[in-house]
Every structure is written in C-alpha cells, then in structure tokens.
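According to TrEMBL:
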type	residues	note
DOMAIN	B:10-152	domain 'Aspartate/homoserine dehydrogenase NAD-binding'
BINDING	B:128	NADPH binding site
DOMAIN	B:160-338	domain 'Homoserine dehydrogenase catalytic'
BINDING	B:212	L-homoserine binding site
ACT_SITE	B:227	active site, proton donor
C-alpha cells in the first residue's frame, strides 16, 4: 500500500476541505484507489506553518480553532509562514498549492510550484494563476525533474474536463471548445431571465455567496478568460496569454436583450471558447452569445458549468458539472493524485525494466 | 512504433467505418497515439471471410463492391464464413466484434468473444449483447488469459461514459446514474412536443433512418434496458440481468400528456437509471419521467444521448454526446484500442521488471 506525504500550501476553504476528506476517506481510498494521504506540512499566510515528518492528524487540523499565528503552538510549528522553506524542506511527495489566484503574474503561486518541482516534488493545484501564466514552463520543469504538474481543478473544480478531453477522448481530434465557465455570471443571467435587472441579479448572487463583494472578475469575463487560456493551451496546444483572448462580459446586457432572446427561442450565455483555425493558429474569446435552445450549452442553468468539446469524429461531446465548491474543488486535487498514482505505477515498472 | 493486427468480425456499418478511419488516419494515429492498425482478417455472414497475415488494404476493402460470397475472390479468402476458425486462427492481436446484437442470449457474439479471449486475443466490441449478458464471465476470461475485453461503444457509441465514470471520476464515489440512452425515442418525444402524435412521430423517425421498420426495441425501452444493465454492472458492481430491470416505454404517452408537461414547465423523457440502495443492492429501471427544466437531462434534444452520474463528492456530472452513428461508433473501437495500448505499455514494462 502506498502512502503519499503531502504538504498543504494555503489552508483556506479548498485545502481545509481536502483535510476533511482525508480524515473521512483515507480508509476507503486505501481500498479503492490503492493509496492513503498523510499531511506532513501545512502553511498559511494567517495561521503560520508547521512541518511534522510523521504526519499531522487531519481531524485535529480541521477542528482546532487556530487564531492568527496558531500553527506556532504545534510541535514543529511557526507562527510565521515561510513558504519557500516549507516547500523545499518538507518531506513531502506532493505539494498541494491552493493559495489565492493572481491573474497578473501568477505569483507567489508560480514560485511555489517552481520550488516544489525543482526539489523533485509533484505539484497538484486548483490555482488558475500559475496554470494560465506558466503551465508550459512548469510542465517542462516537472518533466525535467521526473515529477508531475497536475491541475484538473483550475477549470470547473472537480468536473474532469481536462482529463476527459486528453485521455478518454484521445484520437477523437479536438478542434475547439465552447464553455460556460463561470457559475456566478450564469446564475445572474438566469435571474435576469426571471425578470430581475442586472444590478439586482448581481446583488442576489452576492447575498447567496456566489458573487464576491467586487463581482468584476466574474461578470466582466476575466475569470472565464483565464480558463479559456488554460484549456486552449492544454487541449489545443496553444500558447495564449490572457491578453490574447478577446473579452467581453455580461454587464452590458439589458432586461430587453434578455427578453428579446426569450421571444426568439434563445438564451444569452457568457461563452468562453477557443478554436484551431485552418492555418493552425488557435484563437480564443469570451463574449455573451445568444444560443438557440438546441445548443448543447443552452440548457445549463444556475451556477453549473459546462464545456462542449468539438471533435472531428464525434461532433460535440459536452461535460456538465459543478464549477466551484469546497469539496468539489478538493476532489479535483484528489483526482490529480489519482493520476500521479496511476502514472507512478507504470513509471516505477518502466524504471525497473 | 506499435502495429496491432486486428480481425474484423462482421463487416457492416461499424467495422466498415473503422476500415475507413484506418485508411484515412493510420499515419495520424502513428504520430499522436503511438500505434497503427493492420487488418489481417475479416469475416461477414454475407461476404464470406478472408485471412491475410501481411494485412489487407483498408481502402480496397471499403471500395471493392463485393457481392454475396465476394471475399472468396481474395487471396486467402473463402465465400463462406467460419467465425470460429477466423477468430482462433487469424494472426490477430485484437478481435473487433461488431456483429448484430442478440438481446436474448448474446449469441453468437458471446462465443466470438470467448474464442478470442481463450486464444489470447484482446476483444473490442460495440455489441450490447455479450456485454449485457456475459460481461463478468468474459472479463474474468480476459484476465485469466492476460488480455482485455473492452466495450466503450456498447453504450452511447463513442461518447466515453464508461471510461469517464471509471477513470476520470475515480474516487468521486458513484451512487447511481440516470440517462437518455436511446436517440430514437428521444427524437420521437421531441417531435411530439412539436405537436405530432406518437404514430406520426415514429413514422418520421423511420423516414429519417433513426427508427427501424420495427421500432419496438427503441420505443418500448428494451434497448435502454440493455444499456442500464451494462452500466449498472460495470459502474456500480451490480450483477443484473435484463429481466431484473423494470421496463416501460413511451408508447403509452399521449399528446395530452406531453402538453400538460409543457404547461407545468417540464418535459417527458425516457430515462434509464440505476441506483445503489442503502442495503448495498443495486436496482435499475426504464420508464418515461417528467423532468423539470432544471434537471440535467431535460435539455437533451433530438437523437443525442446523455448520462448524468450521481456522485458523492461532485453531485451530478453529466456527459452528453452522440449515441449512434457509424463513425461515432467506430471511434469507440479506436478508444478501446487506445485503452489496450496504454495498459499494454505499462503491462509490458511490468513484465520486464
């Protein structure tokens, strides 16, 4: 039986949810997946950091009501956090990066990933920043160091759009994709269809916890744009930067636009898309689009996300599922570790051969 | 570079489409997937059989207008077909079974699969019969002989519902599924929503080639029932037989039922489903259900299929795509061979280790 020692970088909602899953599911995973997870380090900007080579009890980590600097009370703990030291020195097989997304330059998460890969540790992350900004460089670094850089959760939380496109649809010849990649804006559009104006719909989304105090990234398409970059680079072999993707949000849609679409048997959706052009180049865009009701994305309601993959041999294949959520996003990290485990099993066999 | 020698059992629409893909794509597959396919035998009830150890030209096979017994004219050919001899004697790595589906006892396809596996050949098939009736026994036989039995195309043609549930959602804890698994009946329901009565909608489906002369298997749910059995046994570890699954079709739905549903903001869909009960047992059913418009399957239109997987960690994850089609189903065979190739690569490495 395999044990993976993991270090959690950031102890907010997602990594806390992963710790909850570890506390509840390790035995099940041992039986069904062939491994268990052991938390050997945690760092958090607010709580501090701790390294414990024998492993920290997941339940204790979740239940202790730590205050600012609280990890300093633990054996091996420090009230301050020093991510570079933690990532480089922790006896971890896998670094779990779940700090905040910086859409500008991906930092400090890009450095977190680099430190990990350079010291021969796998990285799994749900952080869009380093993936959108530096996936190619970080994947090359991973390969050079014989480890993996996995990020299923950077798009659609645990809904496995990346692995579906790359593994289960291998050979189907992907030509492009269109997706509903932001639950908040999709929720807002749905509420506008029920008669609310844009401002009231955003307010309701904020009250329900779907939208942040500043909803700009969601409703202006910037969040979707990062996801389009990630998927286009990963699935279509592009090398796009965020500024290469045209971006228009939904704040310009009026109640009357929504109403006219309904009358014409269509719906407005904020669609992020990318396509491989005839000359081999790949372009991406984010824009509100009026979709006929028979479009694969037209029926995607509420905060749900979906990506419709346009393939040569199968036509459209669409995957629909959660796009956010603590546990849903923590599952993405688990699915990345499953992928590392599967690859590791054959890599070990190949090495021995 | 790997070459897989394959034998095609049955040379109707699906295997003919596979031969077309081989003719067009072998070079691409060599580059992108790491293997090419070489047809070393073909047998067909009408055309006869042929074994050619060096390989048959795929283009010739497709373009020659063979008459009854026409394979007899080829070198190594025979105007009669003897599937047992072909399957056992052909120098094939993989047997591609695409004969007709027999929902009663799965024969003769079950025997085709057994002969192949017993003589150490992988089997890939799109035939629901042997999978619904004998998957467990055939998988055990495959394992005992160190080969694989793969059948992604038995449900939803090339849309990869089986591998998505088993591989990319590993650890998400599947609890059950609901699906629209028959394009013909879904098309008929859609036309009834446009105002046709049941008989006229079926007639239109027949004219468009969606429904067979005898539409019973499609509209009475028997086709869906086989698919529910396949998915429940494969994904939920059940051991269901077709007669264990309750089955009701759509022929009892009237224009007024359809209309009332629309008025209530819902739609009738023929749903095949299965669930793991609290006592660990697995039950399945096929029945028309009135779905609210926010149900993940409510927006699935026309001849498209979809399966919504109910998972513990992600909630509903839905995959939507083609459920039929020559090329789409032939792609399922390719995807099975990709899976064999991936597993084979690590198996060879393990053996060498």
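Every residue gets a Cβ built from N, Cα and C, even glycine.
Please treat TrEMBL annotations as automatic predictions, because they have not gone through curation.
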For the domain 'Aspartate/homoserine dehydrogenase NAD-binding' (B:10-152), jot down how many residues DSSP puts in helix, in strand and in coil.
65 helix, 31 strand, 47 coil
Counting other Cβ atoms within 10 Å of each Cβ, which of the recorded positions B:128, B:227 scores lowest?
B:128
Show which residues of the chain containing residue B:212 (L-homoserine binding site), separated from it by at least 6 in sequence, have their CB under 8 Å from its CB.
B:206, B:218
To the nearest whole angstrom, state the Cα distance for the pair residue B:227 (active site, proton donor) and the residue listed as 'NADPH binding site'.
7
DSSP three-state call for residue B:227 (active site, proton donor): helix, strand or coil?
helix
Secondary structure at the residue listed as 'L-homoserine binding site' (DSSP, helix/strand/coil)?
coil
Per-region confidence, the domain 'Aspartate/homoserine dehydrogenase NAD-binding' (B:10-152) (mean pLDDT, whole number):
96
